[in-house]
Amino acid sequence: MPSPPAMLLGGLLLIVASTTVAQRRGQEAAGRRRAHRVQHGQCSYTFVLPEPEPCPPEPEAFGGSNSLQRDSPAATLNLGDWPSQRMRQLEKMLENNTQWLQKLERYIQVNLRLELAQAQQHMVQNQTATMLELGTSLLTQTTAQTRKLTDVEAQVLNQTSRMEIQLLETSLSTNKLEKQLLLQGHELHRLQGHNSALETRVQALETQQQAELASLSGEKERLRRLLGRQSGALAGLERTLRAASSNSSLLQRQQHQLLESVQRLVRVMAQGPASMRAADQLFQDCAEIQRFGANASGIYTIHVANVTEPRKVFCDMEASGGGWTLIQRRENGSVNFQRNWKDYKQGFGNPAGEHWLGNEVVHQLTSRATYSLRVELQDWEGNEAYAQYEHFQLGSEAQLYRLSLSGYSGSAGRQSSLVLQGTNFSTRDADNDNCLCKCAQMLSGGWWFDACGLSNLNGIYYPARHHVRKLNGIRWHYFQGPSYSLRTTRMMVRPSGI
């Protein structure tokens, strides 16, 4: 709705416009105008005041339009005063208009000043409220940010504390491992010294044994000569006794004594050391050595048919009746079992420690007679188990040393961890298994893998505390599971029926 000053200004403009319309012709003739300008802030108001058109004298003043008048000096004088009177009237009207405009300007200025002050006050109040709202918002945001920073600081402190604790634990673990490593180093040096002492003792025992063998050989030769002399003496005595037997009881008693002496001598010769008698014999396996009288477990030499050179083997004369020929042993990881086909064919390692006798030797042994196989196992907790097969045979190299087993028994599982029939031997350079994945390369070692199978006693040797979850370790599935690497293993054979 328009304000009162605006309405008053509009009314004044309407009056001025009406006057202007009535007197437009006079204005155009005169060509003179008056303007009044009002300035208010950035806005200005300009009022144009036209000059009023002079009114001509009425016709009656000159005596009528249709009558002839005489020239009169008085009439002429009145007509000459009319413009000046009209000018005074217009000036007075202009002065009045000017006064009205000034009053209007003052009224507008006063009212506009009040409205401007009110608007400014309202604006200040709005700005103050806005600033208060902004301040409150900023304070709220600052509080929230401070809270977040406090939370982040607490999290950083917690994380720092955890990291310090982890660092301390890591440091303690490192110190513990260093101490364990130092202790293991000392233990290793001690074992090396002990091993050197044992080697020296073994060498001394070998030297002593060789000396005893030489002494026994000399004793044997001396006994042979003595036996020859005794035989000659007995022959002479027999002749003498025949001559005097009819009438000499004394000679009969002497003859009886001599016969007893000879019998004792023969028994002494028959009870000589088994090792001295075994030196002149050739044995094909440890069972023959045991039958000949040797009952001590150790290293012996055997001569296997169709094998050109004699082989040193370890004979177990105690387990399950003895007479076992070892074909494999794992105990400390000192021998690398990551070998090729040729190595597994010929054999490798030391018979007194870790070794593989050789597929060709085992094939020749098991092809001339029926053999049994015994597998002995021990885990890292000291538990022992065995698996025994009454019939064991290994095919030739042309047959890829194919495994044939039957008659399973033992404590190493409810069933065999070896495939009983038709499994070929595989190595890293000879993939003969029934899997596309090349089990020998994936699981390591040489073995009868089949389709990677349930066992592999020639896998990687893992020490204590590193022996679990090892698929490529020394495994026997039905004893300790598919990924438990065992501590020791032995495989040995002997003729069936013993």
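Here the Cβ of each residue, glycine as well, is placed from N, Cα and C on the backbone.
Annotated signal peptide per Swiss-Prot: 1-22, in sequence order, evidence recorded as sequence analysis.
What Swiss-Prot records for 51-80 is region 'Disordered'.
The coiled coil annotation in Swiss-Prot covers 85-109 (among others).
The DSSP secondary structure for Asn96 (N-linked glycosylation site) is helix. Swiss-Prot lists Asn96 (among others) with the feature N-linked glycosylation site.
The N-linked glycosylation site annotation in Swiss-Prot covers Asn126 (among others), and the record cites sequence analysis as its basis. Following the DSSP three-state reduction, the secondary structure of Asn126 (N-linked glycosylation site) is helix.
What Swiss-Prot lists as N-linked glycosylation site is Asn158 (among others), and the listing cites sequence analysis. Close to Asn158 (N-linked glycosylation site) in the fold, though at least 6 residues off in sequence, lies no residue with a CB less than 8 Å from its CB.
The feature coiled coil is assigned by Swiss-Prot to 186-254 (among others), with sequence analysis given as support.
Among the features that Swiss-Prot reports, N-linked glycosylation site is placed at Asn247 (among others), with the record citing sequence analysis.
Residues or ranges marked as domain 'Fibrinogen C-terminal' by Swiss-Prot: 277-497. The domain 'Fibrinogen C-terminal' (277-497) scores a mean pLDDT of 93 in the predicted structure.
Neighbours of Cys286 (disulfide bond), defined as other CB atoms within 10 A of its CB across all chains, total 27. Among the features that Swiss-Prot reports, disulfide bond is placed at Cys286-Cys315 (among others).
A coil conformation is recorded for Asn295 (N-linked glycosylation site) in the three-state DSSP classification, outside any helix or strand. Look at Swiss-Prot and you will find Asn295 (among others) tagged as N-linked glycosylation site.
Residue environment of Asn306 (N-linked glycosylation site) contains 10 other Cβ atoms, counted within 10 Å of its Cβ in all protein chains. The feature N-linked glycosylation site is assigned by Swiss-Prot to Asn306 (among others).
Its Cβ placed at the centre, Asn332 (N-linked glycosylation site) has 12 other Cβ atoms within 10 Å. Asn332 (N-linked glycosylation site) falls within neither a helix nor a strand when secondary structure is assigned with DSSP, and so counts as coil. The N-linked glycosylation site annotation in Swiss-Prot covers Asn332 (among others).
Proximity of Asn424 (N-linked glycosylation site) to non-local residues of its own chain (separation of 6 or more, Cβ distance below 8 Å) is seen for Gln399, Leu400, Tyr401, Arg402, Leu403, Asn432, Asp433, Trp448, given in sequence order. The annotation N-linked glycosylation site is assigned in Swiss-Prot to Asn424 (among others) on the grounds of sequence analysis.
Sequence annotations record features per position, and here Swiss-Prot assigns disulfide bond to Cys439-Cys452 (among others) based on sequence analysis. Listed in sequence order, the residues of the same chain lying 6 or more apart from Cys439 (disulfide bond) and placing their CB within less than 8 Å of its CB are Ser426, Asp431, Asp433, Trp447, Phe449, Ala451, Cys452, Gly453. Secondary structure from DSSP puts Cys439 (disulfide bond) in a helix.
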Rounded Cα distance, in Å, between Cys315 (disulfide bond) and Asn96 (N-linked glycosylation site) is 151
Could you state the whole-number distance in Å separating the C-alpha atoms of Asn126 (N-linked glycosylation site) and Cys286 (disulfide bond)?
113
Whole-Å Cα distance, Asn96 (N-linked glycosylation site) to Asn332 (N-linked glycosylation site), is 132
For Asn424 (N-linked glycosylation site), what is the secondary structure state per DSSP, taken as helix, strand or coil?
coil
Fewest-neighbour residue among disulfide-bonded residues, criterion Cβ within 10 Å, set Cys315, Cys452
Cys452
Fill in the CA-CA distance, Asn306 (N-linked glycosylation site) to Cys286 (disulfide bond), as an integer in Å.
17
